[in-house]
Amino acid sequence: ACGFLEEGRHSAQGDTKNQHRNYFNINYPQYQLDVDASYSSNVIVMAGEVFKLEANVTGRPLPSLVWTKEGKELEDTGKLEIKTSDFHTTLTNKDSLRRDGGAFTLTASNPGGFAKFTFNVKVLDRPGPPDSLTVTDITAEKCVLNWLHPTHDGGAKIEYFVIQKRETSRLAWTNVATDLQANRFKVTKLLKGNEYIFRVMAVNKYGVGEPLESEPVICANPYIPSDPPQQPEVTTITKDSMVVCWERPEHDGENNAGLSQPSPSSPFYKAEDTIFQPGPPGNPRVLDTTKSSITLAWNKPVYDGGSEITGYIVETCLPEEDEWTIHTPKKGWTATSFTITNLKENQEYKINICATNCEGVGEPAAVPGTPKAEDRLLPPEIELGAELRKVVCIRACSTLRLFVPIKGRPAPEVKWSREHGQSLDKANIEITSSFTTLQVENVDRFDGGKYMVTVENASGTLPSKAQIETGDNYTQLSIDICDRYDAGKYILNLENSAGTKSAFVSVKVLDTPGAPLNLTVKDIKRESVTLTWEPPLIDGGARIKNYLVEKRESTRKVYSNVDNKCTKTSYRITGLTEGIIYYFRVLAENEFGVGLPVETKDAVRTSEPPLPVGKITLTEVTKTTASLSWEKPVHDGGSRIMGYYIEMQAEGSEEWAVAATTKSCEATVTGLSTGHEYLFRVLAFNEKGKSDPRSLAAPVTAKDVTIEPRFKTAFNTYSLLHGDDLKIEIPVIGHPAPKIEWKKEGQALKETTRLNVSSTKSSTKLCIKDANKEDSGKYTVIATSNVGTVTEEITVIVLDKPGPPTGPVKIEDVSSNYVTLSWEPPEYTGGCQINNYIVEKRDTTTTAWQIVSATIARTTIKVTKLKTGVEYQFRVSAENRYGKSSAIISSAVVAQYPFSEPSAPGTPIISAATKDNMTVEWKPPTNNGGSPILGYHLERKEKNIKDCIRVDGGHFVLKLVNVGGVKMIPINVKVLDRPAQ
């Protein structure tokens, strides 16, 4: 394949088999790279063979050639030979091994640029050793081995693994498993107390790979007491019982080692019956409705949750929405009936009722259906009491009072009359919406007779096409060719001299529905509008299945269908053409067909003036100018915003004048009078007109403003992982613009390839690439202007493994079998808490370190089980959540008693003497050997030994003894005698 690369940086990749040749043709200023298509696969060689990579390179001026592998430049060695001339280079690898495979990149570069080609070499060999061999779940007879696939598979699939074991006291390996496919194996039949080493080898079609050995493992049961259980919790409480739960210990330590430590104690719990939220109220129902209210009633919940019901909450929601509005007082409503007020006429609502107790709000009970806020037309009703149904008897000169409760909506008109039309001038008549009263004082015989009350309202009128036929014992109403408008309640009133009687018949006419109500166009945009409407007042006696939505352009007379299966009372019409005038209409459909349409009253153009601009900001003010900036309107009205008007109003004036016009979202108003106050506002305009104005929040005084510099920091501490990039951006306020300076630990920051500082009038930014622990610390940013200076301190924490503990390792106490060590915490904790310290020891006669403890929380430890007389060294390292630090090493120390035999006491002095006793005194030894003196041995000798002869002389010893040892003081005695014969 051949290709051409333009001037600049270029690279190409290819694969070869056996002898691999690639050719780079580089010409300045244009480069050409020719690659033979036969070298499109990997270079594959067997282990022990030689592979050779060649390339011819041309270019002007002569390019330099570099061979690299895995980002490292290759050098000529005895195994790897590189030969390069002006236009040719060769790389030869002898005795190929698995690790010799990989991607070899040849880079040719000259002032015109560079080109690359990658040779992929694969050496077929036995696999490498498996990774991460671990021994877990160790008991006296078994253990579990886990490992990962080798990093190098030798160019072939790993077919199986071989596991072997040996006791550390032997050199011979024995097979445990020879054809294992998994990466985990349970080794059994081990001998208790024996120490074993295991090794695992991978096998591919080229042979058995290198082994990976485990650390020595002693087969023993890990019987240790378990950790304590977690803190107990109480989940269910009654007045006489509790259910207690707890989590298992993090480490169970087997179950043969005895009891663990107790768990943390739980908090105190009070034994009492639990209170729950109440159940839903029962039988929610509508009692009455008006055009602005709905009256509800309900029963108390069957279940009060174990606590007294404290109140009820009534909430409403529109059918097509999910936003609920609470109408009851904040403290709740204690009665079981409530009237919801301030509702929208003819609007349907979803209504929920919830009960509350001391535990909270219970489950809601929904009022059936979607009640509508509308006036109910109730025909007049008269409720005569039992005494009024009889003849009312009253004595002359008394007062006649007739009280008659009435009902009806709207409030009925009430008329009182007498049977034969007698006058009611003496009567006092009171009429309300719920009752009427007739009262006649000082009655006489002429006030006797029949009184009639008539109530009437406009609850309905019969259609003009109704035909009524009445006989002696029947009445009949007939309507021919009825339609949807003939539906409703028909009321029959019967009246004679003996009284009145009413009955009603509800008539439902099955027909197509009427026209939907209140069609409204909302949210007009340049390509869409939203229509909303209400269901028809007359549904045709059947449920409305769906609505048909149609549109037409003003230049056409025929409507086109938009959607004929709309099930909601709103619809968003999209795909409209900007600037076109449209009409819309909606029709309802039930099982009997499509009903009457409702059309938009006014034409709708899909382009409107824009919305007001966003937030306005005063960016700068001087004694003659003011600079403003603002955000674009949220909506441009469906047409491109052509510009903005900046209007101002001087102090004391009521007129707004255009001060500037701009197409961008910022402007400067000039020509202001120094010291005067001005109001500013901004309007956006498009081809449809101007938006509503948006005013600046406060008046502006034309004067030179100086603002002390300050920073608006969100927080003062930044934490990041080692190797991550740090970016700190701080907004800066000040006028004139302050000068920004960064410091660290009091020293000015020096910019490097990793560290960069940049500042503008409104902010300053610090960027650090590949952060390390040296970047931790306190940074100071200083803003300075002729108005003042402000300083902000920023703390940067780079999360990394800690530094070494602070030395030296102190030897606090030494004995024959233990040593007490102490040290100081690390100066650098890695940005987080030190989890633990790891203490290791070694006999100075060996180089192997042994772990004493890896879970030390304090900075001191008593190392026990040492061998007396052996010299030891100790090292300590710190560990946090991000890793382990380097270690500090103690000086060598010998495990021995810290004391020796005492020195000799002072010379004895006789302080008092009698014929049979003497008081002897002496000074204590100048050195007690490191331990208190336990006592003294006092010896005496007669000055004149009777018959003292030569043999009485000689060496005498004063012996001093304490727990540190014995001190012997020699005393030489010489007896002077005659010489021996």
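Glycine residues also receive a Cβ, built from the backbone N, Cα and C atoms like all the rest.
The annotation domain 'Ig-like' is assigned in TrEMBL to 29-136, 371-469, 709-797. Per TrEMBL, the feature domain 'Fibronectin type-III' maps to 129-222, 280-376, 515-609, 612-705, 804-898, 904-981.
Per DSSP, the domain 'Ig-like' (709-797) is made up of 3 helix, 54 strand, 32 coil. For the domain 'Ig-like' (29-136), the DSSP counts in helix, strand and coil order read 6 helix, 63 strand, 39 coil. When the domain 'Fibronectin type-III' (612-705) is classified with DSSP, helix, strand and coil residues number 0 helix, 45 strand, 49 coil. The predicted model assigns the domain 'Fibronectin type-III' (612-705) a mean pLDDT of 89.
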